[in-house]
């Protein structure tokens, strides 16, 4: 178990690492050659000009102004200076609300930490019960926890009172923040400019019709059922194979540019490559000729596949993006059931065009349930088997416990410095390493589930990652850690005594989580602002691939907030803070430092670096609120279990009320605010439509929407896509192949079919 000296060593290592990252960032960001790495957002907006465009040659690469280096810390106050309305206009509501999660952490935990240190720390320190328990491994930090309070002591009433206080305070802050964010969202939706997704609905599971194509069937259905509001539609093509060919061709073009540049710099030596996997083996050939031939071959395959997709009716899937003449019409369609059969003509708000995950639109709707069931089974086994590395990490964190049973290891790890590094730093970094590949696996699983927008993929992946961190990192670390710490007691005690030992040992895992917070939350956040990988990749691309200013802009990698991984990580800190606020308050300052530091860093990144892939209007906030509620309920249940092991018979039953009140509070907030994140009010839609008609009476909405939802691989190609009927506004019936044939048989005067 990590002692105070081990924690001090870990703190020193992580503080020095964070300081080194920050100093490196402060130096690198001032160099003109790195300007596009640390300020790409301003370049994408067309506001910032490269400092290398003018001036002496040396100044194009190195900043020679000594005064700038003396103000290396000014990026911090600059990050806090931009007001929230301006931040929303600059970066979007998603980004502005995301950093409010860190602010929420400060609002919750700063008052809790003050109360905890004023009330609970003195109560715990003066308990002096750990010194009288034999065969129990503990440190001075554990003396500040509830474990140091005697069983059945009247002191436990202080913990009960603080549990109620902390819970009520957390709920109050959550309510205020939910209200603020819902207001921000409604205001954002009401005030944002015109966007294609405001007028468009995604329709899935279009039923087959023997007499009409998918395009004709969609047009007929919506002209009949939405005659006054339907404008146009765009069918969805299964262009996944074509998209892969386009991507592969782009990759080969980059390699061709690389070898061409290399040859131009050294004409005496022709570059070569191998035709095998990744150029590692196979026949050695001329690199330029090889990639030229491969690009020509791919261009032919691309043209053939493009022609097939555009001409083959089977390439059109039973889904479409349907656009309406008003936001009101789109809102009615998106938020109502279209057919008496609830499994067909399924409508939902279309994602904004850059948010569409085109590959998943080709997945048949009937297969989604099976896919999600299979992914749930895989997630269960992945979570279960990941307990093995978690147990390994905990074995490193609890050397003293293992030494009691395996004394032959004692000489190897007894050296004080080595022991401090192993216990204070290694467990946190080992857990961080084990978690590196996990987000990629979970995102892939979410893609398999068939979600049609990047934002929904991120939210679904975040849910999986949160569950994983909750089960494995939190509960797994506590359970396996308690077993390792008290291994001798677990092996020798009677079964009836094991719950008591575990109940006392659970608070002692605070030392492990402190080391993890310092590794992930201090050094990890500092590494985020340094952007070492984008820095190296930009200069490699700039050296070998860039020939024009457009190439240089493409070489920038501004990145974005990775919500699928970053939000669950934040939730782990909320969970740790709420669980240990009553049990071991000494952990709270480490969490507060994380929230404060991360708030400044990510505010800077959002202002200067990140370019978000989509804008959902803070649709993720109900998930944030719900997960904090889950953390609060878990903290209450764990405290209830812990007090039951300490023979607090009078106070423990009073805790039963807390989870009930917390769940009621969650249901109240859900009913009060969540609809703002799910539905768009018809009143607001009508207001925006009326204002737009008054200010832009000649707006050609059809021209504005005509190519908004075309697959990206067709953007540069003239596509004969279905067009809306202009003269159907006053006619609720639309001619189809069915009624045209029927009318010709009866000899009636039918309506001629409009070309689409």
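Easy rule for this one: first residue shown is 1, then count along the chain.
Just so you know, glycine gets a Cβ as well, placed from its N, Cα and C.
What you see is a predicted model, and the numbers here were worked out from it, not measured in a lab.
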Report summary line: For TrEMBL, the entry transmembrane segment belongs, out of 12-30, 31-49, to 12-30
Query raised in the report: TrEMBL tags one of 541-571, 572-602 as transmembrane segment - which one?
Result: 572-602
**Report entry** From 405-424, 445-464, 465-484, 485-504, the residue range that TrEMBL assigns the feature transmembrane segment
**Finding:** 465-484
Requested in this report: Given the cut-off of 8 Å on Cβ pairs that are 6 or more apart in sequence, determine whether the transmembrane segment (156-175) and the transmembrane segment (572-602) share at least 3 such pairs.
Outcome: yes
**Report entry** Stretch with greatest number of CB pairs under 8 Å, the transmembrane segment (572-602) reference, 101-121, 628-645, 651-669 candidates
**Finding:** 101-121
Query raised in the report: Given the transmembrane segment (651-669), which of the listed stretches 12-30, 101-121, 373-392, 628-645 has the most Cβ pairs that are under 8 Å apart from it?
Result: 628-645
Report summary line: Contact set of the transmembrane segment (373-392) with the rest of its chain, CB cutoff 8 A exclusive, min separation 6+ beyond the ends, reads 430-431, 434, 438, 441-442, 445-446, 448-449, 464, 467-468, 471-473, 476-477, 480, 484
Report task. Averaged across the domain 'CSC1/OSCA1-like 7TM region' (371-643), what pLDDT does the model get? Just tell me the whole number, please. Result -> 79
Report summary line: Long-range CB partners for the transmembrane segment (12-30) (under 8 A, at least six residues beyond its ends), listed in sequence order, are 37-39, 63, 68-69, 72-73, 75, 421, 424-425, 518-519, 522-523, 525-527, 529-531, 535, 597
